[in-house]
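Enquirer: Okay, here's the structure, questions in a sec.
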Amino acid sequence: MKHFAKGLFAFAMTGVAIFAAPAVAEFKGLEIIAPGGPGSGQDQAARAMADALAKDRLASNVQVVNIPGGGGMIALSQFVTSKENNNHAVLTQGFGHVIFPISNKSPVSLADVKPLALLAGEYEVMVVPADSPLKSIDDVIARFKADPGKFIWGGGSAGSTENIFYALIAKQVGMDPKKVNFLPHANTGEIITSVLGKQVNVGGGGYQDFAPQIEAGKLRIIAVASPERLPGIDAPTLKEKGIDVVLANWRGVSVHKSLTDKQTAEVAAVFDQMVKSPRWQQIMKERGWLDLYKPSADYAVFLEGEQKKVREILVELGLAQ
Amino acid sequence: MDTFLALLHGFEVALQPLNLFWAAVGVTLGTAVGVLPGIGPSVAIALLLPITGGLDPTPAFIMFAGVYYGAQYGGSTASILLNTPGESGAMMTALDGHAMARKGRAAQALATAAIGSFVAGTIATIGLTLVAPLLVDLALLLGAPEYFGLIVLALAVITTILGNSLSLGFISLFLGLLIGCVGLDPQTGQARFSFGAMELLDGIDTVILAIGLFAVSEILFAASRARYHTEELYRLAGSLWMSAQDWSRSWRSWLRGTAIGFPLGALPAGGSELPTILSYTLERRLSPHKEEFGNGAIEGVAGPEAANNASAAGAIAPLLALGLPTSATAAMLLAGFQQFGIRPGPLLFETNASLVWGLIASLYISNVLLLVLNLPMVGLWVRLLTLPRPLLFGGIVAFASLGAYTLNYNTFDLALLFLFGLLGFVMRVVNAPVIPAILGLILGPLLEQHLRRSLAIGEGSPMILFERPISCTLILLAIVVVLSPLAVRIWSARADRRASTGAA
């Protein structure tokens, strides 16, 4: 274990030396704006960043600012209007912030900020109660096709990752996504309760949310929406079962559009060092987040892909034009 | 027997001097944030989370437990003295608690709240030790149709029982339900009644409506009557201690409140609101002093306060075993678990036994600490009410505004607060009860969510609500509750007519 950490540290140091020439010195003052209240997913991600940046001395005086409300759009619009030319402020975002502006025709969207880095995330998984007759994704699809109305899929809120997840699966197996009987829930605890209490046939979410119940033998995992099988998770990917759905609940950061390329590169360098820092690696491990790091340009391309994917499926669901 | 040994071990953990210190820090902090409207326990824990990163999980959670319980004590203090319920669980306490304060019996109200919380907390902690797994099963047993039935029953009961006019009560309720429709549609994620304001997308916060309807409207009302009104308010009457009669009227309410709060706390049906509302209703129904309710009945404080505290303990079981937060504060504790990489689940009781039982034991210890801390403070708190009225009222308005603003750091919420203050003023003038409106706002979105979930499960057929025995029974009960006052009125009218024709 110690060895591993040492290796990581050495790796991080190399990373600093190779990539981060302009900002080897500590970055002075950084405001991380989380579009969500204290304790929300965005807040947790923002505080994890602040923790790693401070602990590994990559930035000083790091502050997390919570701006809850409006599906994250209040934070986004405040960021756009008040942080012009401010190269000491970043905004966190997630997959949900791709979905919301499309389904709600909001005046602002992630297109109004400059993507800085994709950081971490979790692939979606599908679970059933341990004693469910559904043993595989084939069973799930067969039951769904036989009587779509009676087959209930449980997930987060309307327009959540799971909503998109199930719609994509339905489309892949040749069913109308509108046929998915989706039951929204306020939080993961409610989803687990619904699955265990057999109020729904399948549940969806991040693996870590279900891990304790799976370990206790109360839930069974059916499939993972990752590109390849994940270490430590005993389940096939949807892809290998012929259902081409890869979907992660990810977290990333952006900066204001007005920043020059040089300014952007300076902030990007800070996060580039952070993702390799021992503290960040440790946090990701503890929380079961996967390293999905993509630097600015790649993140922008990735975002476009996500936007296209979401828009298409939301149109088919009748939730967007 | 094993669980008792485990609890004993928990006490061993919680009573270590350092952990005891954190518990004391927690309850003090909790009391402070509970008194401040707007900054509820959930926000306090959220703000503490990053600071506690350096601590071990056990002392951190012992402190959180202190904040949780402390805030409930503090919440009742603010409700009783200032009529500004800082969190929705303290709303029912404000009704009669503040009425008692107006009559100069603030000290007794504070005392019955503190002792009731202590009694309820003690019993509920023991209950948690004995029946935690049963509570988890209870949460799994009920589905959307059952919750729908439960909420309909609660709305029916409270609306028929409060106020003098059934129609005004229902107008108030539907107003609340309407306000509850503002925001994102839970089934489709589309905006409703938001008029393009992003601040409205997440709906309207209950605390804003409650403080607006309670505190702001009361001050407007008092100001409008100031010229004609010379009634002495808040003058302290007699002793600060609870009389023998106060004790005898309180203890049954404490027990009943505990019995309601503990199991309901384990259900994801609105946290502490439903238990406190039901307890208040029950007390009013059973009390031989019905006429005192709304004017300072001590049972109306004792019952809901006990229910509030017991529900906090009840919420722990599903939180630990299912990761199911049944209240906003439980949700923050969950975020705390995640911060420490602890994942709630059935194995948590085994893998993190000392944390779990230390947490449960510290809930109990927090209760003891709070009682010790709060009872001597009663005399100090009630002095607040001896301030000259313009100062006191001005202070309450400032306090209420602060509370509304700190919810989201948004001036939009301030405008809403005063809008609701005006609404409450009008409601007071026409003598419409305000509680049904607040209830409508709290339970409306839950009601809708469970109704629509039920319909989704039943493939669009409402029959599902009547096919399941529990939900069917609850809905039928609700119908009986609403119709019974009407039936009684018709019968008595008929009896009168018969009597008058008989006399002629």
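Note: Cβ is positioned from N, Cα and C throughout, glycine not excepted.
Fair warning: this is a prediction, and the values are worked out from it, not measured in the lab.
As listed in TrEMBL for this protein:
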DOMAIN    B:20-439  domain 'DUF112'
TRANSMEM  B:20-49  transmembrane segment
TRANSMEM  B:110-135  transmembrane segment
TRANSMEM  B:147-179  transmembrane segment
TRANSMEM  B:200-223  transmembrane segment
TRANSMEM  B:315-335  transmembrane segment
TRANSMEM  B:355-375  transmembrane segment
TRANSMEM  B:387-407  transmembrane segment
TRANSMEM  B:414-443  transmembrane segment
TRANSMEM  B:463-488  transmembrane segment
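What does the local environment look like for each feature on the list?
Expert: Here the transmembrane segment (B:110-135) has Cβ contacts under 8 Å with residues 3-4, 7, 69, 72-73, 76-77, 80-81, 93, 97, 240-242, 246, 250-251, 253-255, 257-258, 261-263, 265-266, 298, 301-303, 305-310, 312-314, 316-318, 320-321, 360-361, 363-364, 366-368, 370-371, 374-375, 378, 381-382 of the same chain, all six or more residues outside its ends.
For the transmembrane segment (B:147-179), the list of distant contacts is 204, 209, 267-270, 274, 277-278, 280-281, 284-285, 427, 430-444, 446-447, 450-451, 454, 465, 470-475, 477-479, 481-482, 484-486: same-chain residues at least six beyond its ends, Cβ to Cβ under 8 Å.
Within the same chain, residues 37-38, 40, 82-88, 91, 94, 98, 176, 179-180, 182-184, 191, 193-194, 229, 389, 393, 396-397, 400, 403-404, 407-408, 413, 416-425, 427-429, 434, 437-438, 441-442, 445 sit at least 6 positions outside the transmembrane segment (B:200-223) and bring their C-beta atoms closer than 8 Å to a C-beta of that stretch.
Remote same-chain partners of the transmembrane segment (B:315-335), defined as residues 6 or more beyond its termini with a Cβ less than 8 Å from a stretch Cβ, comprise 40-42, 45-46, 49, 61, 64, 68, 71, 89, 128, 132-133, 135-136, 139-140, 265-269, 271-272, 343-346, 348-349, 356, 359-360, 363.
Sequence-distant contacts of the transmembrane segment (B:355-375) (same chain, at least 6 residues past either end, Cβ-Cβ under 8 Å): 6-7, 9-11, 13-15, 19-20, 23-24, 26-28, 31, 57-58, 61-62, 65-66, 68-70, 73, 77, 110-111, 114-115, 117-118, 121-122, 125, 128-129, 309, 312-313, 316, 320, 342, 348-349.
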Enquirer: Determine which residues of the chain contact the transmembrane segment (B:414-443) at the Cβ level, with the cut-off under 8 Å and only residues 6 or more beyond its ends counted.
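Expert: Same-chain residues near the transmembrane segment (B:414-443) but 6 or more away: 88, 91-92, 95, 151, 154-155, 158-159, 162-165, 168-180, 204, 206, 208-221, 224, 270, 273-274, 277, 400-401, 404-405.
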Enquirer: Mean pLDDT, the domain 'DUF112' (B:20-439)?
Expert: 81
